[in-house]
Amino acid sequence: VHLTAEDRKEIAAILGKVNVDSLGGQCLARLIVVNPWSRRYFHDFGDLSSCDAICRNPKVLAHGAKVMRSIVEATKHLDNLREYYADLSVTHSLKFYVDPENFKLFSGIVIVCLALTLQTDFSCHKQLAFEKLMKGVSHALGHGY
């Protein structure tokens, strides 16, 4: 994925306007609610019985925050996302057996949550830049399969 200087600027602007931890929790909760089969990856997270339980689950929120912080850190490695995510890719593949399609699903949910959070400030240019980033992240995480 090729990110232009303008894309990088847009990504930084987006990340500067959101609470990354809150966004991450919201994104992971939505992933689990909208894609119920993904609950199998979080069986030790406690109560995942309803939308409300998932959205308030401290383990879901904490892990979502961790995921988004990883994406923020990845923005420091945009020219080599595959290397940055190499170990995590192998872990998700060999230890957790995560279907790499879930990375794409999560990416789409990040875009939805950004749009809900930023509303009119989430221009088509910002969306394009962040979609490029998330495509790169998804590809890098799926590379260890």
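Positions of Cβ are set from backbone N, Cα and C atoms, glycine also.
The heme b binding site feature in Swiss-Prot is assigned to H63, H92. The Cβ of H92 (heme b binding site) lies under 8 Å from the Cβ of V98, P100, L141, G144, each on the same chain and at least six residues away in sequence.
According to Swiss-Prot, the domain 'Globin' annotation covers 2-145, on the basis of sequence analysis. Averaged across the domain 'Globin' (2-145), pLDDT in this predicted model comes to 95.
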- Going along the chain, which residues six or more apart from H63 (heme b binding site) have their CB under 8 A from its CB? L28, F42, F45
- For H63 (heme b binding site), name the DSSP secondary structure in the helix/strand/coil scheme. helix
